[in-house]
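*Asks:* Let me give you the structure first, and then I'll get to my questions.
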Amino acid sequence: MERIMINPLLSIQNSPTKFLKPPLSSIHRRKQLQERQSNNNTLFMVDTKPRRATTLACLSIRRRRNNNGVSEFEETARFEQVGGKGISVLCGLGYWVQGSRCFPWLALNFHMVHSLALQPSTLQLVQYSCSLPMVAKPLYGVLSDVLYIGTGRRVPYITIGVFLQVLAWGSMGIFQGAREVLPSLVAFVLLSNLGASITEVAKDALVAEYGLRYRINGLQSYALMASAAGGVLGNLLGGYLLLTTPPKISFLVFAGLLSLQLVVSLSSKEESFGLPRIAETSSVLESVNKQISNLREAIQADEISQPLIWAVVSIAMVPLLSGSVFCYQTQVLNLDPSVIGMSKVIGQLMLLCLTAIYDRYLKTLPMRPLIHIIQLLYGLSILLDFILVKQINLGFGISNEIYVLCFSSLAEILAQFKILPFAVRLASMCPQGCEGSVTSFLASTLCLSQIVSAFLGVGLANLIGITSSNYSNLSSGILIQSLAALVPLCFMHFVPMSEPVIEKERKRGISKRSRRNRRVGRVVDKENVDYRRERESEEAQR
């Protein structure tokens with residue numbers, strides 16, 4: 001029996017069917033575009049005087065192409081980044097100044113060793129005891145998330161933290177009693193670290209919130225690049241200043257850099273970054289309690305808690321002997337400050353290169369094997385100090401100065417670089433409104449683990465008898481440190497293999513959409529589908 005194909009467009013003339021509206025009318029297309037914009041988190045800036053919403057950075061592109069004889073429609077959306085220049089200047093300069101903190105600290109270490117005559121263990125104890133304000137970073141993060149100061153909840157905290165640092169370093173540079181008496185010196189260093197921790201929390205939260213808002217993954221890599229660039233210049237400047245000027249000049253120069261950052265932060269307007277304003281409650285205590293509850297819920301997730309536990313334990317269980325090695329280099333090997341400063345410069349250049357390589361090539365690799373390799377290299381690089389203490393380098397014709405320049409900072413740089421994948425992962429998984437809380441909790445736990453590591457190093461140095469006049473057992477301490485750094489390789493299962501959930505969901509959505517497109521053979525609008533179904537039902541009734 002021969003089948004007769006009836007064209008519905010020809011038979012419609014003799015049927016009582018009423019005509020439907022065209023499927024792609026301008027009104028319907030405009031409504032559909034608005035729905036897509038709302039689904040894609042299009043940014044709306046609301047003016048307080050006239051109640052109207054102005055859509056920013058919404059560009060929808062519709063194009064037609066011919067794919068194997070089939071017409072396909074593709075729609076892409078591009079979001080312009082509002083306030084990108086302002087936030088780049090504010091946070092870029094902030095991370096650069098944060099990286100350059102190494103040069104006043106280099107001057108401070110020389111001052112405590114030569115002017116105050118501190119023992120290696122005491123020097124390391126003072127260094128890391130002054131980092132205690134950074135342990136309270138979650139508190140600053142919670143306050144930054146829920147408590148507005150004026151019209152902002154990030155930039156005002158940056159300003160306050162920078163002001164405290166200017167006050168601390170300026171006082172140590174101007175007043176002799178502030179730097180010559182150990183209790184007053186410790187007090188001002190604590191004040192400086194308090195300001196630095198507040199500033200770092202606000203900057204990290206601002207970067208994480210901006211990246212989540214505009215779907216920019218991996219901004220922490222650029223932040224570390226800016227910090228490494230600041231470290232390069234800071235160590236160059238620090239080594240030169242220590243050769244020609246007393247330490248107080250370094251304190252005053254850094255206070256001048258902080259003053260520049262203070263001017264930039266005072267001139268920055270947070271509302272120009274296009275970030276949404278959270279709903280404020282009448283009670284600050286209620287907001288803080290709610291934010292702490294949200295933070296607790298976020299960090300209890302296995303995707304966050306397990307890699308965080310591994311990162312903290314891998315740092316805390318390694319006894320740090322940096323104070324003893326620094327005193328050995330300056331008191332026994334009699335190395336110039338310029339040599340130590342240049343070694344830090346080379347280390348920061350290596351960190352800058354590693355960060356660029358990670359952002360370009362390593363960011364998409366599975367996390368567990370990457371961290372495994374970094375941790376293994378870190379444990380082996382600690383043995384480079386063992387070679388220096390045993391003077392094995394001289395047997396190969398390498399002087400102490402050249403050896404320190406090339407290899408002294410490698411272990412420290414690998415320890416810093418190891419944190420980058422964890423920072424990128426947690427920043428990409430922050431729940432909305434908890435950016436400051438989660439990133440500050442990460443920074444706080446890492447700082448606490450470093451303090452524990454330093455105290456373990458002090459205990460190990462006292463146990464094996466390392467003093468300013470006896471470094472005979474320093475090599476044994478370095479061997480213990482290296483072995484301890486290899487122990488975290490035994491519980492690598494805490495580090496996830498996969499990439500962050502937000503990235504997986506995005507890629508999974510794209511793959512599903514592409515599979516659906518291949519199955520249907522063309523991309524059609526929802527209104528076209530409704531129109532076609534309606535016509536088919538009418539044809540079936542006839």
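Cβ atoms are placed via backbone N, Cα and C, with glycine included.
Copied straight from TrEMBL:
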COILED    278-305  coiled coil
TRANSMEM  222-243  transmembrane segment
TRANSMEM  249-267  transmembrane segment
TRANSMEM  308-326  transmembrane segment
TRANSMEM  338-358  transmembrane segment
TRANSMEM  370-390  transmembrane segment
TRANSMEM  402-420  transmembrane segment
TRANSMEM  441-466  transmembrane segment
TRANSMEM  478-498  transmembrane segment
*Asks:* Short question: which residues 6 or more past the ends of the transmembrane segment (338-358) have a Cβ under 8 Å from it?
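*Replies:* Counting only partners 6 or more residues beyond its ends, the transmembrane segment (338-358) has Cβ contacts under 8 Å with 99, 102-103, 106, 221, 224-225, 228-229, 231-232, 235-236, 238-240, 242-243, 326, 329-330, 401, 404-406, 408-410, 412-413, 416-417, 420-421.
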*Asks:* Cβ under 8 Å, sequence separation of at least 6 from the ends of the transmembrane segment (441-466): give me the contacting residues as numbers and ranges.
*Replies:* 120-121, 124-125, 127-129, 131-132, 134-138, 141, 197, 200-201, 204, 295, 299, 308, 311-313, 315-324, 419, 422-423, 426, 472-474, 476-477, 480-481
*Asks:* Thinking of Cβ pairs under 8 Å, which stretch from 222-243, 402-420, 478-498 has the most of them with the transmembrane segment (370-390)?
*Replies:* 478-498
